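**Q** Take a look at the following structure, please.
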C-alpha cells in the first residue's frame, strides 16, 4: 500500500482536518484517511465535491484543465497572456499573466518602459 499525500485545496470541504492527509490506497473506494492511532472513513462522494478543477484522487488538474488556483487561473484555465494580475502601485507597474502559468510574475520594468504599455519604447532601443 503506497500512501499518497493530498494537498489541502482538494479537501477544502473538510476544515476539521489538518493541512495535509495521507490516503491509504488499499481500497480507494473507501477513502480511508489515516491519522496516528485513528482511521476515519469519508462518506461516498465526499472527495468528488472538493474542487471543480481538481482530480479528487491525485489532487492535480483534471484532464483537459490547466490549473486549480492562482492569480492567473480562472475556471480551470490559464488567463491570456497580457491579462493584468496585479495592479500598479506607486513606482511599480502592472504585473501580467504569461498565458502558460497560474502564477503572477513580477514585472521587471519601471515607469515608461513597461513593454505591455509602450511596446514602441522597447523596439530597437537599449533599456537601462
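Along the chain as shown, the residues are counted starting at 1.
Cβ coordinates come from backbone N, Cα and C, glycine included.
Below are the features listed in Swiss-Prot for this protein:
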SIGNAL    1-20  signal peptide
DOMAIN    26-112  domain 'Disintegrin'
DISULFID  53-76  disulfide bond
DISULFID  67-73  disulfide bond
DISULFID  72-97  disulfide bond
DISULFID  85-104  disulfide bond
**Q** Tell me, in order along the sequence, which disulfide-bonded residues from 53, 85, 104 have their CA within 10 Å of residue 72 (disulfide bond).
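**A** Among 53, 85, 104, the ones whose Cα sits within 10 Å of that of residue 72 (disulfide bond) are 85, 104.
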**Q** Check the Cα distances from residue 67 (disulfide bond) to each of the disulfide-bonded residues 53, 76, 85, 97, 104 and keep only the ones within 10 Å.
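**A** Taking 53, 76, 85, 97, 104 one by one, the ones whose Cα falls within 10 Å of residue 67 (disulfide bond) are 53, 76.
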**Q** Can you count the other CB atoms that lie within 10 A of the CB of residue 85 (disulfide bond)?
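**A** There are 19 of them.
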**Q** In whole Å, how far does the CA atom of residue 97 (disulfide bond) lie from that of residue 85 (disulfide bond)?
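**A** Rounded to the nearest whole number, the Cα-Cα distance is 6 Å.
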**Q** What is the nearest of the disulfide-bonded residues 53, 73, 76 to residue 104 (disulfide bond), using the Cα of each?
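**A** Result: the closest of the disulfide-bonded residues to residue 104 (disulfide bond) is 73.
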**Q** I need the nearest neighbour of residue 85 (disulfide bond) among the disulfide-bonded residues 53, 73, 76, using C-alpha distances.
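**A** Smallest Cα separation from residue 85 (disulfide bond) among 53, 73, 76: 73.
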**Q** Which residues in the same chain, at least 6 apart in sequence, have a Cβ under 8 Å from the Cβ of residue 76 (disulfide bond)?
**A** 52, 53, 61, 62, 65, 66, 67, 68
**Q** Note down the number of other Cβ atoms within 10 Å of the Cβ of residue 104 (disulfide bond), including every protein chain shown.
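**A** The answer is 19 other Cβ atoms.
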**Q** Where does residue 76 (disulfide bond) sit by DSSP, helix, strand or coil?
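**A** DSSP call for residue 76 (disulfide bond): coil, neither helix nor strand.
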**Q** Long-range neighbours only, meaning 6 or more apart in sequence with Cβ under 8 Å: which ones does residue 73 (disulfide bond) have?
**A** 53, 66, 67, 79, 102
